[in-house]
Amino acid sequence: MSDLQVGINGFGRIGRLVLRACLQKGIKVVAINDPFIDLQYMVYMFKYDSTHGRYHGEVSCSDSKLIVDGNQISVYQCKNPAEIPWGSAGAKYVVESTGVFLSNEKAGAHLQGGASRVVVSAPSPDAPMFVMGVNEDKYDPSSMTIVSNASCTTNCLAPLAKVIHDNFGIEEALMTTVHAYTATQKTVDGPSAKAWRDGRGAGQNIIPASTGAAKAVGKVIPELNGKLTGMAFRVPVADVSVVDLTCRLSKPASYTEIKKAVKAASEGPMKGILGYTEDQVLTLRGSSPHLWNSGLFRSRPSS
């Protein structure tokens with residue numbers, strides 16, 4: 001078990017997957033805060049997952065604690081992050097996964113409760129943004145107490161863009177993401193004042209949507225700032241999304257050279273972050289364990 005002690009704020013889709021990831025990697029989660037989920041319901045939600053499958057371990061609760069495989073996790077229900085007693089729980093690092101407290105000011109409230117560092121699990125308007133394999137070497141622990149881990153699409157796009165740019169140079173690029181539906185969408189047609197078509201049934205439609213992933217790449221790879229644009233389509237699948245990247249390169253490159261560069265990165269500095277396959281894979285991988293790569297490069301078959 002690692003010496004790291006982590007707290008999770010928000011026990012929704014991301015928060016529960018963070019707990020699973022920590023358990024798999026031997027990182028100790030000591031506290032969870034969610035004002036909208038009862039402790040008994042936490043047990044149920046963590047044990048059963050329609051997308052990622054049942055948790056194959058012991059899950060129970062007792063005395064305001066969630067107990068997973070013998071690990072006791074303190075549970076709080078504070079609406080104000082500043083009131084969560086992270087310090088007394090021993091949580092030095094907090095994962096902010098509510099999707100609400102995104103800015104430095106709002107996420108910084110966790111520091112008042114005794115946390116030393118905060119990782120925001122979504123793009124932030126002003127916190128430094130990092131993508132593993134791309135710019136984590138720019139992290140300065142002396143000044144950066146709050147950081148953003150960007151978005152799922154950015155974590156897929158940025159490593160690929162870095163490999164292409166480092167090897168061939170990107171003059172400009174268009175990204176299209178074919179994205180699984182999310183919790184903010186409707187199961188059947190319903191009202192959506194902000195964007196009318198977002199209110200259409202997620203399981204019935206391909207829904208065009210906006211994405212900030214292309215812009216976010218410019219934050220983690222400054223030399224690509226302003227060179228990427230993008231669009232998104234929400235499609236009727238529960239999990240796994242696809243990023244299609246079309247680039248105008250600084251120097252000519254054959255498809256074979258591009259594949260070689262990506263494969264080399266996947267086996268070297270980006271191993272475990274960027275994957276490479278020539279198999280005819282699909283989005284659904286059955287009940288196999290999580291694929292912990294941020295992105296998987298699928299080489300097209302030879303004609």
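Positions of Cβ are set from backbone N, Cα and C atoms, glycine also.
Features of the protein shown, as given by TrEMBL:
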ACT_SITE  C152  active site, nucleophile
BINDING   R13, I14, D34, S121  NAD(+) binding site
BINDING   S151, C152, T153, T182, T211, G212, R234  D-glyceraldehyde 3-phosphate binding site
DOMAIN    4-152  domain 'Glyceraldehyde 3-phosphate dehydrogenase NAD(P) binding'
SITE      H179  site 'Activates thiol group during catalysis'
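Taking all protein chains in view, 20 other C-beta atoms sit within 10 angstroms of the C-beta of S151 (D-glyceraldehyde 3-phosphate binding site). Shown in sequence order, I8, G10, F11, G12, G15, R16, L17, V18, S97, T98, G99 are the same-chain residues outside R13, I14, D34, S121 whose Cβ sits within 8 Å of the Cβ centre of the NAD(+) site.
Other than S151, C152, T153, T182, T211, G212, R234, the residues of this chain whose Cβ falls within 8 Å of the Cβ centroid of the D-glyceraldehyde 3-phosphate site are, in sequence order, T177, H179, A209, A213, A232, S241. Neighbour counts were taken as the number of other C-beta atoms within 10 angstroms of each residue's C-beta; across the binding-site residues S121, T153, T182, T211, the minimum falls on T182. Note: the CA-CA distance between R234 (D-glyceraldehyde 3-phosphate binding site) and I14 (NAD(+) binding site) rounds to 19 Å.
Under DSSP, the residues of the domain 'Glyceraldehyde 3-phosphate dehydrogenase NAD(P) binding' (4-152) split into helix, strand and coil as follows: 41 helix, 37 strand, 71 coil. Proximity of R13 (NAD(+) binding site) to non-local residues of its own chain (separation of 6 or more, Cβ distance below 8 Å) is seen for A183, given in sequence order. With a 10 A radius on its CB, C152 (active site, nucleophile) counts 20 other CB atoms from all the protein chains. Ranking the binding-site residues D34, G212 by how many other Cβ atoms lie within 10 angstroms of each Cβ puts G212 at the bottom. Under the DSSP three-state reduction, R234 (D-glyceraldehyde 3-phosphate binding site) is assigned to strand. When the recorded positions C152, T153, T182 are ranked by how far their Cα is from the Cα of D34 (NAD(+) binding site), T182 comes first.
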